[in-house]
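Report on one structure; see the data block that follows.
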């Protein structure tokens, strides 16, 4: 048994990955990459088999954000030429939900730019979510920014299953990325969502000049937060943002990062998110030996690959898409457990 499979077995037996072991994963010799990914898949298979969860983003409100996040094309300091608009009408949200349902995508993610939602924007999302649930039964994830407890309660009661608010980077690196809100603001929103009964979703953006130790700290912070779903983004540096020109990550390093997140958060949904196509490139399929979830279609202000290419990739891998009906059954089981 090689060192990575030995570590995987210990993780499955309940052991936690030490900092030294985590650094070893990120520093894994390239010639041992397939051994590492095989061990990551050994963990993934225990909890998810060969299933892959599909997610689709609806950019419900674009631009117009007062925050100064250095990676974001929608921020107040960005000069990127993006489309800006206020919260879209309900029929647009319903149209997106129908498309997700028709493509057998189980999770529909409603994302709005800004520091946090106004009560009117929460009203709009609540109104749409009720109809989406009744008509299509999709799993709904909302990502609306910093959240107040009463807003979280309303979203939960309307049928929002999951709330996303990423920590983005390590606490140590946070002030290098933004100064308009704190790391604790982000953590508190995840906790607020969790306290309302929504499933907490929080992830990271790798490639923002952080160290390997920062990446390890991110994975451990999400373990401490007990995030059910962890989107791992790889920076897609956009012209007009402060991080424009930052070099793309090497695909092999991206795979090691995904393996690290699987080892540290063995039972969680690990989703390969923004920047998948430009950073992993031809090695995208290997990422799913560690991750068990992807976004299908476009991201917020950058294009993803065609849905047909994603489905072909999954078919070629021999993986199975979690259908909308399977997702519904899982939600019902979770509801019964809560009762």
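Note that Cβ sites are derived from N, Cα and C of the backbone, with glycine treated the same way.
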Legend entry - Residue from 141, 254 that Swiss-Prot also lists as binding [2Fe-2S] cluster with 109, 201, 271: 141
Inset, instruction - Fill in the CA-CA distance, residue 109 ([2Fe-2S] cluster binding site) to residue 72 ([4Fe-4S] cluster binding site), as an integer in Å. - result: 18
Inset, instruction - Out of 69, 109, 201, give me whichever of these binding-site residues has the highest number of other Cβ atoms within 10 Å. - result: 201
Legend entry - Separation of alpha carbons, residue 201 ([2Fe-2S] cluster binding site) and residue 72 ([4Fe-4S] cluster binding site) (Å): 19
Legend entry - Neighbouring C-beta atoms (10 Å sphere around the C-beta of residue 65 ([4Fe-4S] cluster binding site)): 22
Legend entry - Assigned element (helix, strand, coil) containing residue 69 ([4Fe-4S] cluster binding site), judged by DSSP: coil
Inset, instruction - Going by DSSP, give the three-state secondary structure for residue 141 ([2Fe-2S] cluster binding site). - result: strand
Legend entry - Those residues of the chain, 6+ apart, with a Cβ under 8 Å from that of residue 141 ([2Fe-2S] cluster binding site): 55, 107, 108, 109, 110, 160, 161, 162, 163, 164, 201, 229
